[in-house]
Amino acid sequence: MEILKRFWHWLEHLMRIIITWFLRLFHKEISDGQWNAFMQFVKFSIVGLSNTVVSYVIFLIGVSLGIHYQVSNLIGYMLGILNSFFWNNRLVFEKKEEEERSMWQALAKVYASYAFSYVVSAVLLFLWVDLLHVPEFLGPIITVVVTTPINFILNKFWAFKGKKKHS
């Protein structure tokens, strides 16, 4: 885990140099707070990509073992959320020294957040495909653009929000 954190800090430093240089071309600057919020969203998005891989690989394994595709999809989705919890808890929404947070309560909130997001996704897919006649293969891509910020906000400000420790 320590090697991963060191690599990430190196990558983040390199990204900051490049983005700062680019912004200066337009006479713009980014504050430390803005940078930290941006990088937290980037990390969250990378974890989200890993969830997609985990979910899909488990789906493929399940189907190849003869498990019904809907059951395989559900198992993959549930384990993808568990993957999300693990990495978001360790790398994206780390608990601060002055905070306390119940791991089990945070896990339950993460599952609730993704359940809400799943419902939003289903409604949006219906809207895109059935009402607006967007091609089926584009519907999920458009939906991810909407649901990723929703998931980020729910995870940051609800699921992983710690309480101040009492002195």
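Glycine is no exception: its Cβ is also placed from the backbone N, Cα and C atoms.
Remember, it's a predicted structure, so these values are computed and weren't measured experimentally.
Here TrEMBL flags 43-160 as domain 'GtrA/DPMS transmembrane'. Residues or ranges marked as transmembrane segment in TrEMBL: 46-68, 74-93, 114-131, 137-158.
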(message) Let me spell it out: take the transmembrane segment (46-68), skip the flanking residues so only those 6+ beyond its ends count, and list any with a Cβ under 8 Å from a Cβ in it.
(response) 75-77, 79-81, 83-84, 87-88, 91-92, 148, 151
(request) Helix, strand, coil: count each for the residues of the domain 'GtrA/DPMS transmembrane' (43-160), based on DSSP. (result) 96 helix, 2 strand, 20 coil
